[in-house]
């Protein structure tokens, strides 16, 4: 169970090793009323609790995390759905800072070729603090399109495109010296102080120090890959169970989100052309759910294979694997590692005409609200398999490379599809254990997995 640290509770009267085995019910808590609640309520042996401090598993929102995590004691078996400073990866400005820092580290330690593997995000500047650097870059490349994004908002809120320096100057003048209004709370970065503990000041401590809402100015990808003349991006799910060591799973299913209007650079003010967020697209006057604003990743992969051949598709998806791993490695040393925490990230990836993937952002709270029956089924399976990997029931051995729709892609090093030790000396025949957009026969895999685990438990030692 969890409890406030000042309650001086001693815990249960059995050893921690046996405590987990003896639990007959998993007590869960969540405030999210969407697909997640359906999955939790229908999971065998799980029961919902309302009281604070009486849960074994809490799928919380990030606001609860900021206010309560540091004051909550958790028993060995307790799990919670976010890392303390998840925003090092999921806030747009922190993500870019960490990726830039990691790229410099790789260049220094491994050379330019290895560092170039981090060149998967568009040139980005934090505003307003890097305004002068941005202006310098802007003047080097006049006429290109830029996109402004608030660092802590989602669902396309506050985003605009521009090509003239006057537009950004007007924006800067319009916000300079004003307190932000309607802005999400800015989480404090967790810094290591000389004593070795983390500085976890609340976001409210820093809010008044911010004269304006922070944005990033990012070079807009002007040559996106189009299907049916429409722009799209990909939503991919990555589950991180640990940062030290890094242990990450990639889900086989995901989807492509299409804009509702044919792509053109002649109307940069039209969000229905340039923003693929469902929250934006569903406000379009001619939006129809059955029109096809989402494709499952398996369909998308098959489409690309028919157009470009299997080899080009393998290269593209391998490049996306690189994005997932390098982005996680970029924050591995700054994320506060905690055995109670896991995180289901939603990656947003854009593909350009050259089949190069670009990382747009990473979401700590990817939408779990279904927009269609197909979307509901995907998210239900995703969440069921997330709970299988988290393994509150203690059924897994820890050696599994696949659980349902999740494939273990990194376990303190790359994971091979083949069984046995990995020979990474030349990487000649090494194939990463990822199957994004491939067949997801999760039900049959889970049936075989749990049957095998049950047989192992019954076998004489």
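Glycine is no exception: its Cβ is also placed from the backbone N, Cα and C atoms.
As annotated by Swiss-Prot, region 'Disordered' applies to 1-20, 172-208. The compositional bias 'Polar residues' annotation in Swiss-Prot covers 1-10. Feature annotation from Swiss-Prot assigns ATP binding site to 149, 155, 156, 218, 219, 220, 221, 231, 232, 233, 276, 277. Sequence annotations record features per position, and here Swiss-Prot assigns L-glutamate binding site to 257, 294, 379.
Looking at 219, 294, 379, the binding-site residues in this record, the fewest other C-beta atoms within 10 angstroms of the C-beta turn up around 219. Between residue 149 (ATP binding site) and residue 257 (L-glutamate binding site), the C-alpha separation comes to 19 Å. It is 32 Å from the Cα atom of residue 219 (ATP binding site) to that of residue 379 (L-glutamate binding site). Residues 257, 294, 379 are listed as the L-glutamate binders, and the farthest two of them sit 15 Å apart at their Cα atoms. For residue 232 (ATP binding site), the number of other Cβ atoms no farther than 10 Å from its own Cβ, over all displayed protein chains, is 22. Cα spacing between residue 232 (ATP binding site) and residue 379 (L-glutamate binding site): 20 Å, rounded to the nearest whole number. Secondary structure from DSSP puts residue 379 (L-glutamate binding site) in a helix. Each residue contributes its Cα atom, and for residue 379 (L-glutamate binding site) and residue 221 (ATP binding site) these two points are 29 Å apart. The Cβ of residue 149 (ATP binding site) has 22 other Cβ atoms within 10 Å, all protein chains considered. The distance from the Cα of residue 294 (L-glutamate binding site) to the Cα of residue 221 (ATP binding site) comes to 21 Å. Cβ neighbour count for residue 257 (L-glutamate binding site) (all protein chains, 10 Å cutoff from its Cβ): 21.
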